[in-house]
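Copied over from Swiss-Prot, here are the features:
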BINDING   ASP20, GLU21, ASP127  divalent metal cation binding site
DOMAIN    14-236  domain 'RNase H type-2'
Amino acid sequence: MESECLTPEWASQPCLMGIDEAGRGPVLGPMVYGCMYCPISYQSSLASLHFADSKTLKEEKREELYESLKLDKSLGWAVDVIDPRELSAKMLAKNKTNLNEISHNSAMGLIKRVLDMGVLLTEAYLDTVGDPDKYRIKLSERFPSIKFVVSKKADSLFPIVSGASIVAKVTRDRALKEWLVEETGEDINRNFGSGYPGDPETKAWLVQHKHSVFGFPSLVRFSWGTCTTHLKGEVEVAWEADENEESGNGSSSKRQAKLSSFGFKTCEKRSEEIESSGKGRCKFLQARKIQQLTQF
């Protein structure tokens, strides 16, 4: 999580905060939550800063506003950049965390971060994720000393949220431009468009960078349905854990979803046609349930 490092001089004054996100829908790249906060006494001046919903602004204007708010001594800000691998891991885990809960946790993490800096937050405005009333109650139970306003289109209604929207959007855009691609053995280009599943440029990028065994580069969110569609018909993989459950060896009534549910095609060969996972195999392979496939 990144933020302005120093506690502002006005931290002991009653303050308000706005929170918004960028990158919730795209199939690739991080999801970013951003916040902006200031003394309530400065609230009337926010309108003169010309903040607006970041989606309605051109990139040049967003960058200009972002740099100006960073220089404003009456404003504080912080961001939480959630890696696409973290999103996929949480959403595909045995005990899944859905995207709404991930979003809620990120927003609450920002609030806690600013409170821990010694800022006296008394009001917070957020764009809703899920049901507004339920979200507001959840926030109020966690932070009873803060008055919460949770609303649809909050980034258009409240300048403090508009500022947070700009912080989140610019941070995500810069993160994508500077993203360090770990899969150095592949010829990966950065012409991935907006990252939204419906974007033709994004679709073409996914097709171009799809691997028949490993799927996609780590920039991609494997938990998105778009990935499931793209991975259908690729190399079949036999998962020993799935075979054990099909044989009735699973002890839990609530079993983990099979990897085949997420686009990884399961091999139809029975376990006896594959190298045995028992006697004769080294302990390293046995412990990790790694099997040799004789053919693809």
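From the backbone N, Cα and C atoms, a Cβ is placed for every residue, glycine too.
Within 8 Å of the centroid defined by the CB atoms of ASP20, GLU21, ASP127, the record's divalent metal cation site, lie the Cβ atoms of ILE19, ALA22, TYR33, GLY34, LEU126, VAL129, ALA154, ASP155, VAL161, ALA164, SER165, ALA168, excluding the listed residues themselves. Cβ contacts within 10 Å of ASP127 (divalent metal cation binding site), excluding its own Cβ and spanning all protein chains shown: 25. Taken together, the residues of the domain 'RNase H type-2' (14-236) have an average pLDDT of 89.
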